Structure formats: structure tokens, C-alpha cells
Amino acid sequence: MASMARIWSFLFVVSIIGSSFATESENEEAPSKEFVLTLDSSNFHDTVGKHDFIVVEFYAPWCGHCKKLAPEYEKAASLLSSNDPPVILAKVDANEEKNKGLASEFDISGFPTIKILRNGGKDIQDYKGPRDAEGIVAFLKKQSGPASREIKSVEDVTALVDDKKIVVVGVFPEFSGEKFENFTALAEKLRSDYEFGHTLDAKLLPRVWLQDFDVDASEKFVEEASIPVVTLFNKDPDNHPFVIKFFNSPNAKAMLFLNFSSENVDAFKSKYRDVAGQYKGKGISFLMGDVEASQGAFQYFGLKEKQVPLIVIQTSDGQKYLKPNLGPDQISLWVKEYEEGNVLPYKKSEAVPTVNDEPVKIVVADNFQDIVINSGKNVLLEFYAPWCGHCKKLAPILDEVAASFQNDADVVIAKIDATANDIPSDVFDVKGYPTLYFRSASGNLLQYDGDRTKDDMIEFIQKNRDKTAHQDTGKDEL
């Protein structure tokens, strides 16, 4: 009986580690009948309240990723409509004014964002599955079923465990009692991140990592045990969950980018894994990315392929540290220098314009302090994205506002491409585009959330600017 009691606290984590971003399948023609429900503020809660399981996409019409997802999401909805029971997929235009309250309620900060709502909307989880129709269908079929599957045979093990996913298996003497209930609750909570199984027979399981622990600490154990020493970032779609875990980690993130087809890639892998092992559990997670699959990361960090092989570390507060063109033997020393505080932060910036004489001044990361913080002037600054439709609509209005203050030496109207330049995120909270901030000459900072008209913006500046003896009215002469 003692050995049986001991097995109650055994939890197995089967995690064969690898990673990459999921690739999305080619768009296919959507069915003529729409299977995705369209929801808005008038019918959202009533509809969700009628379903034990429903999936909702929050999207914006201008979003390129949303447009790419749309036919896959519709195809998945069509296939899942014949599931037993049917799985309902819905969508909300979170950019529409009447739905802004829903976007706020569900903390939508980017598009597309997909939520899984259970028990009439009482339980909410982020969707963390694939973005192609077949992948969506397979993922949601598992999500809509039991959180943990019973393992009775070797065939059950084969169906559940493979080398491309994280599987958590609980072993119990019987499927009842407090510890089994705790395990079931854990499976329900973490089912978007892992697959769960439970069994009465530990002998059915393959070679696994065995940990004897208190069940109350199981969530922390599962999280720690499922993190790879080095996360690989390439084009293998089966390892997508590991990349998500890497970027969702609160740790500092070390990322080595190189060409996986280069002659010395094995030397890099060996040295990098050694360093990652030394720092495991010390607040740094490690990723190694193939340049071919890392173009999005290069754009985000402002990196160039001529800098490869390179390593960049990003801390939880957004600071970045860069070492370009390094060799395998330099990795350990550079990470040690970073840890000791001897590496200066790296800042992504466009080139400072040689001529900046238009009414709306161009701000980049390298002249941000000079124009916005240290100029001693009243500055209205737009954070924009080149692809943003609302930003394009605002551009001529901002030009008019700037022209109105052209003869006022104490007011600056400026803009910065927030996708191409690092910004002080601890001061300026930019979650969407355009975002406008006003900083007075004395340093008072306000976010502008009024109407985006010339007169309203001028009135806001005049009301909040620091007064000077030779202040212009900011109004056009009649």
C-alpha cells in the first residue's frame, strides 16, 4: 500500500523538445454559405451564454493577418459544424466603435486575437493553436472534448504521445480523490498549452521524466519541465508551441540567429547549448533561429543579415543587447559580460534625417531625446505604422495642425514610425496606431484621445501647452 500511496504524487511530463513558427496553408476559396457567426455588442453575450464551448475571433477589417486567416477560419467553421456536437466559430469586428467595449472587456490589444469561451463565457482561454483550417479543426476537436484522456493500452499511448508535442500524464491508483480532482483542474486550466492523459498503469508509458512532488505545486513543475534548454526557431510547424512558450516567458530572452546551412552551424549549436545549460533556471531563456525563418524577428529588432551570426538579448523591460558577427567561442564570454552589466543596450532606429524642415518633424529613436524630451518645447507626437489606414487618414490633418503652428517656435508637431524605431515604452504606452501624446515644455505628459480634427487638436495643444511671452495663437490668420 505504501508504494501505491507514493504513486499518487507522480506526474509524468513527456516533452521531446523542438520548435518553430507554424506556417500557414495557402488560402482556399471559402464556401458560399457562411458558417462563422458574426457577433457584435447587441448579441454577443446572449449568444455566448447559450454555448458551453464557442470560439471567437476579434479582428479588424484593415488587418492583413486577419484577411489571411479569414478563409481558413471559415473553412474550419464549415468542417466543425458537422462535428458531434458541433463546434461554433464566431467573429467580432473589434475595430467598430460599437464593439470597442467588447474589445476592452477581453483585453484585445492586437489582431487577430482568438478566444475560447467555455461554460457560457464564464471561463476564457487564449487560442494557442494553428492558423490553417485543418490545424484549427484538429486543435478545437481536442479542446472541446475532455481535458485529459484515459490511457488504457499501448495503443492509447501511441495515439497521445509523439515527439512533436508536450504531454502531461498523471498516474493514479484510482480516478477519484483530491489529487485526481486537482489533476483534472490543472488539465482544464492548461489544456491550451499541453495535452493531458491519466492512467492506472505507469508501465504503459515510454521513458519519461519522473518527478515526485506535491500536487499543489504541479502547475509550476509542468511549466518548468516543459521548457527546452534551447528552443529552435525554424520552419517546422510541429514545434510551434515551444516558440510560443519561449516568447511568453517572463525571462530575459537570448536569441542566436544564424544560417542553419552554414558549415559551422554544429559548432554554434554545441557552444550555445552549453551556455544555455549553464544559465538554466537563472532567468534567461535561449532560442536559436534560422535566418530563413526569422525575417519577422529581424524586422522587429531592426537587424540586418550582414550582422549574422548574431545574438540579441531582450529583457522583460524591453531593453535589447546585441552582439553581431560573433563566432562560436565568443558566445559564453559575451553572455557573461551581459550578466555582469558590461554590455550597453542596443537601440533600433531609422537614420536621423539630414533635412527635417517639413511642418511635421520626423522623429527616430536616435533623435527622440533631442526633439521630444530635451527640446524645451511643447511637442505633439504621433506614433504611427506605415500600413495603418487610420494613420494615413490622420496625415493630412496633422499637416494642417503643424502648418497652424509653423510660426510658433515653442510648439513642435512630430511623428515617429513606431514599427521601425524603439520607443521609451516605460513612458509612452503605445498599443495601437495612431497613438498621440503631448509633452509640454516643462515635461507634463498627456495622451491625446480627443477627436482627430484640426480644430480639436489645436484647442488641446493651446489648453495644455506651457505659456510663453511670445506665444502664437496657433490659429490661422483670417
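Glycine is no exception: its Cβ is also placed from the backbone N, Cα and C atoms.
Please treat TrEMBL annotations as automatic predictions, because they have not gone through curation.
For reference, TrEMBL has these:
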type: SIGNAL; residues: 1-22; note: signal peptide
type: DOMAIN; residues: 24-145; note: domain 'Thioredoxin'
type: DOMAIN; residues: 338-466; note: domain 'Thioredoxin'
What average pLDDT is reported by the model for the domain 'Thioredoxin' (338-466)? 94
Could you count the residues of the domain 'Thioredoxin' (338-466) that DSSP puts in helix, in strand and in coil? 38 helix, 27 strand, 64 coil
The domain 'Thioredoxin' (24-145) - residue tally per DSSP class, helix then strand then coil: 47 helix, 26 strand, 49 coil
